[in-house]
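So the structure is just underneath, and the comments pick up after that.
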Amino acid sequence: MAFSRRLIGVSILSCLLLLSSTATGDDDISRAAPANASSSCNNPYRMVLVKLWIDGAEHESIGGLSAAFGSLLSTDTKNAPRLPATYTKPLNGCSSSSFKLSGSIALALRGQCDFLTKAMVAQAGGAAGIVLINDQEDLVEMACPNNSTVSNVTIPVVTISKAGGDVIDKYISAGKKVEIMLYSPDRPIVDYSAMFIWMMAVGTIFCASFWSEFTTSKENDFNEQSPEVIAGGSREEDDKEILNITTKSAFVFVITASTFLLLLYFFMSSWFVWLLIILFAIGGVEGMHSCIISLVSSKCKDCGRKKLNLPLLGEISVLSLVVLILCVAFAISWAATRKASYSWIGQDILGICLMITVLQLAQLPNIKVATVLLCCAFLYDIFWVFLSPAIFHDSVMIAVARGDKAGGESIPMLLRIPRVSDPYDGYDMIGFGDILFPGLLVCFAFRFDKARKKNVLNGYYIWMIVGYGIGLLFTFLGMYLMNGHGQPALLYLVPCTLGVYVLLGLLRGELKDLWNYDSESTRVADSLLEDA
């Protein structure tokens, strides 16, 4: 139906352009182990938990970052003191405070003087520690000025985001007693959530590859091979919905996606985030609708026979309309509760359905186009994650994925799952692009093996699935070896999929066939042989 095709177009556009090709969590701060004591300016930057008590009642913790100077924090709560929080006066903490700081944690705003000066002033005033509130939503790395290597600061120095400072200010302004405990628990080397992210990514590609097998009954298989069906036009109509990717579209992707990524980086705001949320919800509704309808229709052939003629939508089955309403309700519910702790479930369901649908509609015709597309995506990913800081002083891809320019709001074009064993919470994430681009190649391998009637051992599909899974493991390994810094996943996935495919084709003497393969001409030739 026309309504479906319009949404399909929006779905593909939102997937291919609004991707975030990183496998990363909400932060990328070092996990280096602390020393026992230090008077240098070379302390490792460590994540910190700022635990709050409001009028004696325990409150939520706020994430922070320790400085390169000052004393090192305890890794547990047993040796961490619980002390009252007091604002410095002046609030910038650049000169002696008129408020008594002795036996308290000083709170100061960023600006007017360097971080080391603020810490020394607070220490001179008797503060047991200082929390510096940033004027932005990120956690700034606090180093000694002028490349100094020694400091006289012996109290812990921590920075928190503007949002964290607003939480504390809300209670202090209301006249409540605020107490703070600073400590820096160690993070696990590997979190269990990485395993679930791996399973979701591999499972999405596996389901997309076999989707037509899952949802096609024997009767439909006969109809697909029937010349009468092709003559009647229904098969031709289905073919029109397939988006065949070309070498030209691969180059266009790099230019368009880079432009759009820069727009997100420079102009990301709350209204922009809502635009992305709406686009994602529309694509997710189409994906979920398509998946549910195809599953139900494969099990119940008569379920879609009842039709309605509605304005704008035209002729639509009752089943399709009911499923559409339920999918829209699901997407609206997710959007309304997207900041809730459980919202990742709805986001992942919508995202997986959307990607399965896209992988059914967008297809690679041969390895030549796959090589151009994946190599372009490979370079695109590496540049915007690793090389962009040399130009923009920030990793553009990671900044957009985290939502640094949108008050911490992250774009929804990610699969994410909360970390279960990380004391700092956060999420492990993987961008849609890290599933879609290798997924196109894996799905091509499945179609090629089926057309050439290859078995598991001499086919390519099983090698692509295994290669993709290993590439993802390398991605997470690289992330942990680089202390949690976000990784361009395609750096590992492209060699483990495309590289393996080309190497196997070369060893088997089939590379020329793979390079110039035309699925449409093969299907026609097979049909003529069957007719003969």
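Every residue, even glycine, has its Cβ placed from backbone N, Cα and C.
No curator has checked TrEMBL annotations; they are predicted automatically.
Sequence annotations record features per position, and here TrEMBL assigns domain 'PA' to 90-166. Taken from TrEMBL, the feature signal peptide covers 1-25. Annotation source TrEMBL lists transmembrane segment at 192-211, 250-268, 274-296, 316-336, 342-362, 369-387, 429-448, 460-483, 489-507.
Relative to the transmembrane segment (274-296), the listed stretch 342-362 leads the set 342-362, 429-448, 460-483 in CB pairs under 8 A. By the Cβ criterion (under 8 Å, sequence separation of 6 or more), the transmembrane segment (460-483) is not in contact with the transmembrane segment (369-387), since fewer than 3 such pairs are found. When pLDDT values are averaged over the domain 'PA' (90-166), the model yields 85.
For the transmembrane segment (342-362), the list of distant contacts is 8, 11-12, 14-16, 200, 204-205, 207-209, 211-212, 241-243, 245, 280-281, 283-288, 290-291, 330-331, 333-334, 412-418, 427, 432, 435-436, 439-440, 443: same-chain residues at least six beyond its ends, Cβ to Cβ under 8 Å. Within the same chain, the transmembrane segment (250-268) stays apart from the transmembrane segment (489-507): fewer than three Cβ pairs sit under 8 Å, each pair at least 6 residues apart. Under 8 Å from some Cβ of the transmembrane segment (489-507) lie the Cβ atoms of residues 21-23, 367, 370-371, 374-375, 377-378, 380-382, 430-431, 433-434, 437-438, 441-442, 445, 460, 463-464, 467-468, 470-472, 474-475, 478, 513-515, all in the same chain and six or more residues away from its ends. Long-range Cβ contacts of the transmembrane segment (369-387) within its own chain (Cβ-Cβ under 8 Å, at least 6 residues beyond either end) map to 21-22, 245-247, 249-251, 253-254, 257-258, 261, 395-398, 433, 437-438, 440-441, 444, 486-491, 494, 497-498, 501-502.
DSSP assignment over the domain 'PA' (90-166) gives 18 helix, 17 strand, 42 coil.
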